[in-house]
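Colleague: Handing you a structure now.
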Amino acid sequence: MARETEDPGMAKASKVKRQRKKKTKENKTRTVHANLLYDNAKGEENPNRHYANNKIKTTKYTVLSFLPKNLFEQFHRFANVYFVFIALLNFVPVVNAFQPELALAPVVFILSVTAIKDLWEDYRRHRSDKEINHMDCLVYSRAERSYVEKYWKEVRVGDFIRLRCNEILPADVLLLSSSDPDRLCHIETATLDGETNLKQRQVVRSFFDLDCDFDPIKYNSIIECEKPNNDLNRFRGYIIHRSGRRDALYKENLLLRGCTIRNTEEAVGIVIYAGHETKAMLNNNGPRYKRSKLERQMNVDVFWCVIILLVMCLFAAVGHGLWMFQYGDKRPVFDVLSPDGTDLSPIMSAIYLFLTMIIVFQVLIPISLFVSIEIVKICQVYFIHQDMELYDEETDSHLQCRALNITEDLGQMQYIFSDKTGTLTENKMVFRRCTVAGVEYSHDANARRLAMYQEMDSEEEECTSHGGTLPNEPASCLSTQPSAAPWSVRLTFTHFSYSVLSADKPSSDLQEKDITPDPQLLDKVNECSSQMDFMRFHSQPMSQLPSDLADVIDFFIALTICNTVVVSSPNQPRQKVQLTSTKSIQSNHLQVNKGSSSSLITNRSSNKGCSSMLSSPSAESTLTKLDEEQPPRDLEHNFGPVLPCYDGKAWNLEEGELRYEAESPDEAALVYAARAYKCSLVGRLPDQVTMELPHLGKLNFELLHTLGFDSTRKRMSVVVRHPLTDQITVYTKGADSVIMDLIKPPDTGSSKGKRQKKIVNRTQNYLNLYAADGLRTLCIAKKIMSKEQYACWLQHHLEAETAIQGREELLFESALRLETNLQLLGATGIEDRLQDGVPETIASLRKAGLQIWVLTGDKQETAVNIAYACKLLDPEEEILTLNADSQEACALFNFTTFEIYPSSSPSSSSSSHTPPFMVHRLGLVIDGRTLAYALDKSLEDKFLAVARSCRSVLCCRSTPLQKSMVVKLVRNKLKVMTLAIGDGANDVSMIQVADVGVGISGQEGMQAVMASDFALPRFRYLQKLLLVHGHWCYSRLANMILYFFYKNAMFVALIFWYQFYCGFSGSAMIDQWYLIFFNLMFSAFPQLITGTLDKDVSAETLQQLPQLYVNGQNSEEYKPYMFWMNMIDAFYQSLVCFFIPYFAYADSDVDLFTWGTPFTTLALFTILVHLGIETKTWTWMNWLSIAFSIALFFTVALCYNASCPTCYSPSNPYWTMQRLLQDPLFYLLCVITPVAALLPRYFYRACQGTLFPSPIFLRFRRLKNWNIFWCFCNPGKCLYHNDASQHMIRF
């Protein structure tokens, strides 16, 4: 009874729980139905009605919203709010200082210029939107029973779209059909990620086996997928058919808006995301904006200007109150009454005057400074883009500036964090060596061929011909391994010997493809193939093949098929060689194509460099095939003739060799290496891979599943049915640090187990040798699975594939279950050559005072060797290697370091105050595991203390997250300027964390470029970008900002001195038109020219003397004291410019403006000559801008004084300038006053080079003298040219 009473409550609770769960699911997923099912239904009945349409609108404004919205955005800048407040304050009669309408002129001008710029940009966006929205596409219509043309903006989620070759995708479309026989569609994604190579996308699995064209009328499935997001590399969901079957959806099934269809005649898909919900629109964030270090310093000085302004206003208010107080009850005749006609008390007069003086002195805060800085930065970016020395002809690319407002930060960098592969190296892989079944094949002939390509000297040639070179540890090598402790630490101080990897790479394509096989290994391959051919002829089982030969053939099979390489025919590089797909191919009885009876045909296009991974066959179809009863197959079946379905035009070897289009350079190098041993990849379909072996002809491997490579697993696997043994085999390749942990522990009790243990140990030794030789290492392994084991794994993997939430974690766990208990086959060593100029660039950046850290995922030995080759590590310095097994061991290392090192440093014992580390003596090498410990909160400070004391830091086996954590740690703890540079997706987080991110447009796509602030074609261009353009941008902007503060303070101080002679009444002897437009028009242009074109040192000198870069690192162009020195100088110059005219016109009968107008003229002349003194490089544009400013002032003054007799009642400025130009005294003042005002500054600059030279001049003179002395002692080796120092250099 009790149970009955509880049931309704439990049922209600269960119902509420289900509703919540359903609601949560609905919030995280989207369901897409075909619109054809709802053509006749009302709009509110269509389940897709809530989704965004395909009309895009990237404009910010409409006709009605432009003015309020634009003003609202502009008022986000505090300076604009301040100036509007001052202008509005001038409308209050009791405190106004100028004509209210005139006071609005400056701020209205600034706001109007910005608004016009925003309006023009928005209008351009509007035109672009209109053009895009009115593009045509083919949408299926139920009424027409065909595809009809519609505008893009008319497309809706759930529409069926037909796509044609070279057509741009109007929305994010799920691919349901393709004219390609393999059900593939090629797209170009350059508009999304900048990559010009084609990507392959595949039809949804359930539509793969259609025997006829796709008919949208028959479509009755429902798609459930994730909500719209901006992740271009992820798409999760599943499609539910009427039968209840669910098929997983991947990113390989989705065609993104903005991509272009290539090499595919037709494709059909259903719209999943439209308009602003597409991934392309969600990623459309525009340029990156950051606040530079110089801008942050400037804001502090703006704050000080506000303080100075308030102090001056307060001083004037107190002075006015005291002046009024001295009259007592007798009010002065010129006193201004209150609005109600009563007298104001001295206190109220002082308060009102305080507000009035804020209006008068408003120019002290430079209203035009912010606009001028933006203009100068845009000009600087333009000139950086125009530098042809930053253009790379090989890749036809030049520098890109993606962040418009941090150019000056390039001149203040202190730490550089760099990736290795693809950033310092070419990322063009050349096969060098390999080990198979524990036997090493050195490929000496191949090494000699590479040496011939590189034109290496004899020493380098010997180095590359004789295997790896292990580090030579000195006798003083320290090793601490406490046996009783549960952890261990290895600390070594050592000098490494290394092999230099040549940066010269003529005929790089030949180096990658033309591989000379090792004779011993080639003999084994031929022997193995011969024995297999003999066994085929005598119908013997494959198990009788010797283990060492079986490992050899499996090794090359893995190299050939464990990849995503696409095969291209020789005469038509864009065509893929493939087999005709028939039902017999899908059966389990895969046959062997023998000899020249193969039937490869060419029937579709594929662009070079395809980087999409081919999807695996349907998991459910594979399960179905596994469940089918198969008759026993004898040996004759395994070596049977070619099936009739393969009849067709055979590929002829005489026509040329096949070409391989790989997603990564590693894959291409391995496939070309296998081909050198006559194990050639000749065809690839989504469900099979075809390779050719000597004596055996072509083998068709049924491709059951593919687990692609990712940065987390660091490996790739393919599951195939072996055509020779009919066994389900897993072939895996990946990083040795991962594969070696997945090897099945050998059973030492059996001879086979002992052999496997021997192979593992020998392979590990050879891996160490390869890494010491600077080679990239990969391990090759395999695993045999029974049908039941694979079916069980596949069932669980299918569940993981169809999950939406947590799919990545489930897939990772599923892959780990498959890739365990592997049998090691061998390993390869691939050489990745340095880019041109990398050693010289690193050496130059080192001289510039930059600390360079390399963060790489490579093996420690490989990274160390490359570090020596690129001069990151020096043979003369001691290497501190940190490899810890636990956090406790890492903590012990930090304490031990400080205790040990002084005894090994000859200079550390000289003084008790000397730091224990000598920067030029130490280099730190740390592996990924230890780095994870060191980045812990308890150890990060100690790790940082050790790392910053080393000349070089090399972090090996580091993950993308660790890279970003290291950059963030250094930036936040040391308060330094950081730059991160990389070329791959694994460098994106590091690039985004740094103050300045630089992307290399290399072989690993454009993800790093898309996330960066600056993009470079090559690493060597970083030298000029930082040392030249960075130095110039910082120097120009720093001096321009200081000049702005000086100029405004000098002009305002003239009015301040006048207050002492007018009872602090807030009056001005300068006409208000001149006050308003002095900074806005008369003195604006010369400083813009100087801020854009000025060069304190020539480009040649900056590159020859990198030490001059320290000037920006130490912020020597913009020190806090410089602001105050400029303020003091401004007040001094204003005193001179005020009192010389004051005494010159004393006791004269000139009116106020006739006396005040010379102040404006003298101030203009003084600040222009001041700018000339500070200018280092004079061009015709400097002279023209100064002449233009003077001419503009006199033109405006003459026109204004001639046409405005009543503009400023009761005063009369009529004919003032005309009378002054007739007065000789005016000309005398124009000469004497600027000279007297600028004499101290000119004297200071003249004496600076001898009595107290600037730091940059000291470095330049010291380095120049040293170079001259060295050239005198070494006349035959002198590389220093005096002509570089003959450029105009002003200090």
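Numbers run from 1 along the shown chain.
Just so you know, glycine gets a Cβ as well, placed from its N, Cα and C.
Positions annotated as active site, 4-aspartylphosphate intermediate by TrEMBL: Asp419. Residues or ranges marked as Mg(2+) binding site in TrEMBL: Asp419, Thr421, Asp983, Asp987. Marked as compositional bias 'Basic residues' by TrEMBL: 14-25. The compositional bias 'Low complexity' annotation in TrEMBL covers 596-606. Per TrEMBL, the feature compositional bias 'Polar residues' maps to 607-624. The domain 'P-type ATPase N-terminal' annotation in TrEMBL covers 44-101. Taken from TrEMBL, the feature domain 'P-type ATPase C-terminal' covers 1009-1254. What TrEMBL records for 78-96, 102-120, 302-327, 347-371, 1041-1061, 1073-1093, 1123-1146, 1152-1171, 1183-1203, 1225-1244 is transmembrane segment.
Let's see these features in context: how buried, what's close, how far.
Modeller: Just so you know, the Cβ of Asp419 (active site, 4-aspartylphosphate intermediate) picks up 29 other Cβ atoms within 10 Å once every protein chain is counted.
Mean pLDDT, taken over the domain 'P-type ATPase N-terminal' (44-101), works out to 82 on the 0 to 100 scale.
Same-chain residues lying 6+ beyond the ends of the transmembrane segment (78-96) with a Cβ under 8 Å from its Cβ atoms: 103-104, 106-107, 110-111, 302, 338-339, 352-353, 355-356, 358-359, 362, 365, 367, 370.
Remote same-chain partners of the transmembrane segment (302-327), defined as residues 6 or more beyond its termini with a Cβ less than 8 Å from a stretch Cβ, comprise 79, 335, 346-347, 349-351, 353-354, 357-358, 361-362, 364-366, 1045, 1048-1049, 1052, 1056, 1059-1060, 1063-1066, 1123, 1127.
Same-chain neighbours of the transmembrane segment (1073-1093): 98, 102-103, 105-106, 109, 360, 363, 366-368, 372, 375-376, 379-380, 383, 1036-1037, 1039-1040, 1043-1044, 1047-1048, 1051, 1055, 1157, 1160, 1163-1164, 1167-1168, 1171, 1174-1175, 1177, 1179, 1181-1182, 1185-1186, 1188-1189, 1192-1193, 1196-1197, 1200, 1207-1208, counting only residues six or more beyond its ends whose CB sits under 8 Å from a CB of the stretch.
Long-range Cβ contacts of the transmembrane segment (1123-1146) within its own chain (Cβ-Cβ under 8 Å, at least 6 residues beyond either end) map to 301, 304, 308, 1042-1043, 1045-1047, 1049-1051, 1053-1054, 1056-1058, 1155, 1158-1159, 1162-1163, 1166, 1170, 1225, 1229, 1232-1233, 1236-1238, 1240-1241.
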Colleague: Are the transmembrane segment (1152-1171) and the transmembrane segment (347-371) close, by which I mean at least 3 Cβ pairs under 8 Å that are 6+ residues apart in sequence?
Modeller: no
Colleague: Do any residues, 6 or more residues outside the transmembrane segment (1183-1203), come within under 8 Å Cβ-to-Cβ of it, and if so which ones?
Modeller: 1073-1074, 1077, 1081-1086, 1088-1089, 1157, 1160-1161, 1164-1165, 1168, 1171-1172, 1213-1218
Colleague: Count, for each of 102-120, 1041-1061, 1225-1244, the Cβ pairs lying under 8 Å from the transmembrane segment (347-371), and report the range with the highest count.
Modeller: 1041-1061
Colleague: What number of additional C-beta atoms lies within 10 angstroms of the C-beta atom of Asp987 (Mg(2+) binding site)?
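Modeller: Summing over all protein chains shown, Asp987 (Mg(2+) binding site) has 31 other Cβ atoms within 10 Å.
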Colleague: Validating a neighbour-count step here. Other CB atoms within 10 A of the CB of Thr421 (Mg(2+) binding site): how many?
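Modeller: Total other Cβ atoms inside 10 Å, all chains included: 27.
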Colleague: Return only the integer: C-alpha distance in Å from Asp983 (Mg(2+) binding site) to Asp419 (active site, 4-aspartylphosphate intermediate).
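Modeller: Cα-Cα distance, Asp983 (Mg(2+) binding site) to Asp419 (active site, 4-aspartylphosphate intermediate): 8 Å.
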Colleague: Counting every protein chain present, what is the number of Cβ atoms, excluding its own, within 10 Å of the Cβ of Asp983 (Mg(2+) binding site)?
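Modeller: The answer is 31.
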Colleague: Just to be sure I understand, if DSSP states are collapsed into helix, strand and coil, how many residues of the domain 'P-type ATPase N-terminal' (44-101) fall in each?
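Modeller: Counting residues by DSSP class gives 25 helix, 0 strand, 33 coil.
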